[in-house]
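Student: Please find one structure pasted underneath; my questions will follow.
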Amino acid sequence: MSCKEHKVVHEAHNVEARKTPDHFYRSQPGPSYVQDIEQYRTMYQQSIEDPDAFFGEKAREFLHWEKDFTHVRAGSLRTGDTAWFLNGELNAAYNCVDRHALENPDKVAIIYEADDEADNRVVTFGELLRQVSQVAGVLQSWGVKKGDTVAVYMPMIPEAVVAMLAVARLGAVHSVIFAGFSSGSLRDRIVDAESKVVITCDEGRRGGKTVHTKKIVDEGLAGVGVVSHILVFQRTGSEGIPMKAGRDFWWHEEVRKQRGYLPPVSVNAEDPIFLLYTSGSTGSPKGVVHTTGGYLLGAALTTRYVFDIHPEDVLFTAGDVGWITGHTYALYGPLCLGTATIIFESTPAYPDYGRYWRIIQRHKATHFYVAPTAMRLIKTVGEQEISKYDLSSLRVLGSVGEPIAPDLWEWYNEKVGNNNCVVCDTMWQTESGSHLIAPLAGAIPTKPGSATVPFFGINACIIDPVTGDELEGNDVEGVLAIKSPWPSMARSVWNNHDRYIETYLKPYPGYYFTGDGAGRDHDGYYWIRGRVDDVVNVSGHRLSTAEIEAALSEHEGVSQAAVVGIADELTGQAVVAFVSLKEGYGRGSSTDTDPESIAPDVVPLDTLRRELVLQVRAEIGPFAAPKSVIVVDDLPKTRSGKIMRRTLRKISANEADQLGDLSTLANPETVPAIIAAVGAQFLKGKK
C-alpha cells in the first residue's frame with residue numbers, strides 16, 4: 001500500500017466479516033446465551049447506561065452470596081477508589097467448588113494432562129471439595145487467616161488449583177508465582193507480598209525435563225526470615241529432597257490429619273482474592289490486586305458469554321496459572337460455572353507436536369484457548385500433525401496474549417478449526433481481570449485480526465495521545481482507554497496505591513489507560529496495535545510496529561520480527577527492526593552477532609537487509625522503511641511468549657544500563673548478544 005492509499009484502520013477494508021459456522025450451532029449442548037448482535041447491543045447498552053441494574057442482576061444470577069450486597073458500585077476512575085457489590089459477602093471456593101459438589105459430586109472438575117501422558121488423571125467436584133478443605137485445614141492450623149498472603153510456586157498440576165482454592169477458602173490472598181521464575185525473582189515476590197507460607201512441590205516435569213522446584217524455593221528463601229511454613233507436594237517422589245525441620249512439611253502427611261470438609265470463610269466483596277505480579281518498566285515487579293466479588297463475576301461472565309460455555313463443555317486453556325490467563329480461564333471462570341477445565345503441565349512439542357491435538361481428541365474438548373506464539377510455532381514446524389487427529393468436538397478457538405495477525409487467524413481457523421469454529425481474538429490484561437474486547441461466540445461476526453467489540457460494561461474509547469481528547473465516531477486511531485469502572489478491574493498495586501494511580505489512572509484523568517494503541521474501524525470493531533510505546537511516529541506518520549513486523553515476516557527467510565522506534569534528528573523517530581531467520585535459511589551463524597562466519601551459499605547480510613527494507617516499502621510505504629535491520633539468533637521473550645520490545649528499545653537507544661526488570665524473560669541470554677549486535681551495526685553505520 002502506498003502512502004497516498006494509506007487508510008485509517010486500513011486492514012478492516014481488506015477482510016470480510018465472518019458469520020458463525022453452522023457446525024457451531026449444531027454441536028451446541030443448548031442455545032447460545034447471546035443469540036445475535038442485536039441482543040448483544042441491547043445488553044451492552046444496558047450495561048453502560050445502567051450498570052447498577054445490569055451487574056446487580058448478573059451478580060445475583062452467577063454468584064452465591066452469603067450476604068447480599070447493599071449497593072452495586074461506588075467510587076470513580078478519577079479518584080481511584082472504585083468498589084463493587086458493597087457490603088456483600090461470599091467465598092470464591094464455595095462458588096467454584098462447593099455448590100457444584102453438592103449438586104453433582106461425580107461431575108469432572110479438572111482433567112489433568114501430565115507431562116508424561118501415562119500420569120493423566122481427573123478430579124471430580126466431590127474430590128476437589130475434599131482436597132481443598134484438607135489443604136485449607138493445614139493452612140488454618142498454621143495460623144493462616146483472612147487477609148494473609150500465601151505464595152504458590154507450583155507447576156501446572158491439579159494441586160496448584162487445589163492450593164489456590166484452599167487459600168481462597170480461608171479468605172486469604174494467594175500470590176501465585178510462575179514456577180519457571182528464578183530463586184531471586186521468587187524471593188522478591190515473597191518478600192514484597194510478605195507471604196509467611198509457601199506451597200510448592202519437590203520437583204516439576206516439563207517437556208521431559210526435571211525442574212528442581214523445591215531447591216529453587218530453598219535458594220530463594222536463604223537469608224529470608226519472613227516464611228514460617230512450606231507445604232511440599234510430592235510430584236515426582238524423588239529421594240533426597242532437603243526438608244528443613246519445623247518449616248518444611250509434606251503435603252500428603254499433613255492432609256491426612258485434616259477432616260474432609262472445612263466450612264468456607266465469607267469475605268467482603270472488596271476483600272482481595274489474589275495478587276499477581278507483572279513486570280514493570282522500571283524497578284521491581286508490581287503486585288496487581290484483584291478483589292473477590294468483582295473479579296469472580298468478571299471471570300464467570302466472560303467465560304459464559306465470550307466462549308458461550310455450557311456446563312457440559314470442556315475448556316482447554318493452554319496457559320499456566322502463574323499468569324492471569326490461567327487464573328481466569330483455567331480456574332476461576334470454568335469452575336465457577338461448573339465446567340470441566342483441562343490443566344496442562346507440558347509443552348506443545350512434547351513428546352511431539354501432536355500433543356495439543358491428542359488432548360482435544362482424547363477429552364473431546366469443545367474450546368481451545370492458546371497464545372498466537374504457540375500457533376506460530378506449530379505452523380512453522382508441526383502443522384502436519386494436526387490432520388492426524390479428530391478435532392470435530394471443537395466449537396470455539398480462542399487467542400490470547402497478543403494481537404493475532406490476520407494470516408495466522410486464517411491458518412488457525414482453517415487448519416485447527418476446519419472452518420467450523422468461531423475464532424475469538426480476546427484483548428485483555430492482568431489488570432483487567434477478564435476480557436475487555438472480544439467477540440461473543442455465536443452472536444458477533446468476526447474479522448481476522450480484530451478483537452471486535454467491547455464486553456458488557458467496558459466503555460471503550462479511543463484517545464488522541466497528543467491532545468488527550470477522546471476521538472468520536474469510527475475510522476479513528478489512537479490510545480485505547482476505558483471511561484468507566486468495571487467489576488473485575490484491579491483495585492490497586494500491593495502496598496503501593498500511588499503506583500496504581502500513576503500507571504493506569506493519571507495519564508488520562510477520568511479514564512483507565514490500557515497502555516495499548518487501537519483503531520476503531522468503519523463497523524465499530526476494535527483493532528489492537530500493541531503497546532502504545534510500540535507505535536512509531538516517523539515524519540508525522542503513526543506506524544504500528546505490528547504492521548511493520550507483519551511485512552517483515554512475509555519475507556521467506558524471516559522467522560520472527562520485532563520493531564521499535566528510536567529518536568531521529570530528521571524524522572522524529574526512526575524504525576529499527578530486529579529479525580531472526582528460519583532454520584536452514586542459508587545463514588549458518590551469519591547474524592549480526594557473528595557477521596564474519598558467512599558460508600559461501602548464504603545470502604549476505606547486507607543483501608538481506610536491503611530485501612527487508614524493500615519489503616516494508618512495498619507493503620506499507622517508504623515512510624515505514626526501517627533505518628536499521630539487525631539480525632539476531634533469537635528475540636527476548638517473556639515466559640508467556642511475548643517479545644520484550646521495551647528491552648529492544650532501551651538497547652537501541654543506548655540505554656542498556658536502564659533495562660529495568662528482566663525477571664519475566666524466558667531467554668535472558670539473548671540480551672548480551674543483542675547489545676553486541678546493536679553496537680556492531682551502529683558502529684558500522686558510522687564508518
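Easy rule for this one: first residue shown is 1, then count along the chain.
For all residues, glycine too, the Cβ spot is worked out from N, Cα and C.
The following feature annotations were taken from Swiss-Prot:
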type    : residues                                                               : note
BINDING : R206, G207, G208, K209, T325, S539, R617                               : CoA binding site
BINDING : G401, E402, P403, D425, T426, M427, W428, Q429, T430, D516, R531, R542 : ATP binding site
Student: Listing them in sequence order, which of the binding-site residues G207, G208, K209, T325, R617 have their Cα within 10 Å of that of G401 (ATP binding site)?
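Tutor: Cα within 10 Å of G401 (ATP binding site): T325.
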Student: Rounded to an integer, what is the Cα-Cα distance in Å between G208 (CoA binding site) and T430 (ATP binding site)?
Tutor: 30
Student: According to DSSP, does R617 (CoA binding site) sit in a helix, a strand, or coil?
Tutor: helix
Student: Which one, from the binding-site residues R206, K209, R531, R617, has the smallest tally of other C-beta atoms lying within 10 Å of its C-beta?
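Tutor: Output over binding-site residues R206, K209, R531, R617: least Cβ neighbours within 10 Å is K209.
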Student: Would you count the other C-beta atoms found within 10 angstroms of the C-beta of T430 (ATP binding site) for me?
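Tutor: Taking all protein chains shown, T430 (ATP binding site) has 18 Cβ neighbours within 10 Å.
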Student: If you run the three-state DSSP split on G401 (ATP binding site), which class comes out?
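Tutor: It is coil.
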Student: Consider the binding-site residues K209, T325, R617 and say which one has the Cα lying nearest the Cα of R531 (ATP binding site).
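Tutor: Closest by Cα distance to R531 (ATP binding site) among the binding-site residues K209, T325, R617: T325.
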